[in-house]
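Participant: Got a structure for you, questions after.
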Amino acid sequence: MRGDRGRGRGGRFGSRGGPGGGFRPFVPHIPFDFYLCEMAFPRVKPAPDETSFSEALLKRNQDLAPNSAEQASILSLVTKINNVIDNLIVAPGTFEVQIEEVRQVGSYKKGTMTTGHNVADLVVILKILPTLEAVAALGNKVVESLRAQDPSEVLTMLTNETGFEISSSDATVKILITTVPPNLRKLDPELHLDIKVLQSALAAIRHARWFEENASQSTVKVLIRLLKDLRIRFPGFEPLTPWILDLLGHYAVMNNPTRQPLALNVAYRRCLQILAAGLFLPGSVGITDPCESGNFRVHTVMTLEQQDMVCYTAQTLVRILSHGGFRKILGQEGDASYLASEISTWDGVIVTPSEKAYEKPPEKKEGEEEEENTEEPPQGEEEESMETQE
């Protein structure tokens, strides 16, 4: 596992080699995943009792889930805004910003929100070209309609590079603007929202639809919430985007020979194990984005240093988990971010953190020939996660 880390794998299309300097096709390898080949490793003793670990996971999820007040406030604001926009679609009157549809996306739609971050995402698809003036006009129209309905409620509206957001005292709804796909070819960078922003909003709709159809199993949602928390508390996991965490959670629970969901404690451990085995390293088959064409592997949005950092952080946490340190990893015993970089002891067992295996090569001087020895993200593929970073 560690032996392959940091080696150049020959770029996107393989490395130069062989007679005539042709290209070897890039063949990704499959990292070791115990749960895909469990039959090959029959148990010689009973499985350990993990009741306390399972209970700790459920308790942590309970602590992370939005409380009833947060849920009520975000539901109320989303419903009001949704209704106002629906009315503008059905009966725009003299309002010139024509709307195709509005869709709920992100963690609110997926049911993976966390407490303390009461933010929901809506995508509004315009029929017209998305000018900055149109976005501001729509934001003002929506907030004015809301104030007319309930003058006592204090609301603020702010425009931003992705659209606008409307906030009450205890909830925020981000409205992400995009346009119908044929309009993407007519954009003027001087007048309209950035095409990357528009494409990201369309991708968020695809992600929400895929999640609803494939990942609505409750164990998947709980695991994703726990992974989001892990990402926040361990800097080594920061490069993992919300969309990568969604796919990783679904993979860990559902991708096994029986096609039956694994138990939460098994799936949580499996996440760390497959990350430690190099699921998101260069040359790995990784996880293919189900919402993009061309077998796009989601981990290629990360730099090589980030891919390595995710791997060595997971390796350290797997060792701590195997020696009973789950409460520390789950954040139930104070700050644990130091565990990924400092030596720790668990029941007399010393765990030494894994070190990075990839060193970024020095900058090449002008005129030097570029070596094709790194695997780069495919050109033209944008980061597939536009949802609120949580």
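Numbering starts at 1 and runs along the chain as it is shown here.
The backbone N, Cα and C atoms fix where each Cβ goes, glycine too.
As listed in Swiss-Prot for this protein:
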- 1-20: region 'Disordered' (REGION)
- 11-20: compositional bias 'Gly residues' (COMPBIAS)
- Arg16: omega-N-methylarginine (MOD_RES)
- Arg16: asymmetric dimethylarginine (MOD_RES)
- Arg24: omega-N-methylarginine (MOD_RES)
- Lys45: ubiquitin cross-link (CROSSLNK)
- 351-390: region 'Disordered' (REGION)
- 356-367: compositional bias 'Basic and acidic residues' (COMPBIAS)
- 368-390: compositional bias 'Acidic residues' (COMPBIAS)
- Thr388: phosphothreonine (MOD_RES)
Participant: Looking only at Arg24, Lys45, which of these recorded positions has the biggest number of Cβ atoms within 10 Å around its Cβ?
Facilitator: Arg24
Participant: About how far apart, in whole Å, are the alpha carbons (Cα) of the residue listed as 'ubiquitin cross-link' and Arg24 (omega-N-methylarginine)?
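Facilitator: Rounded to the nearest whole number, the Cα-Cα distance is 45 Å.
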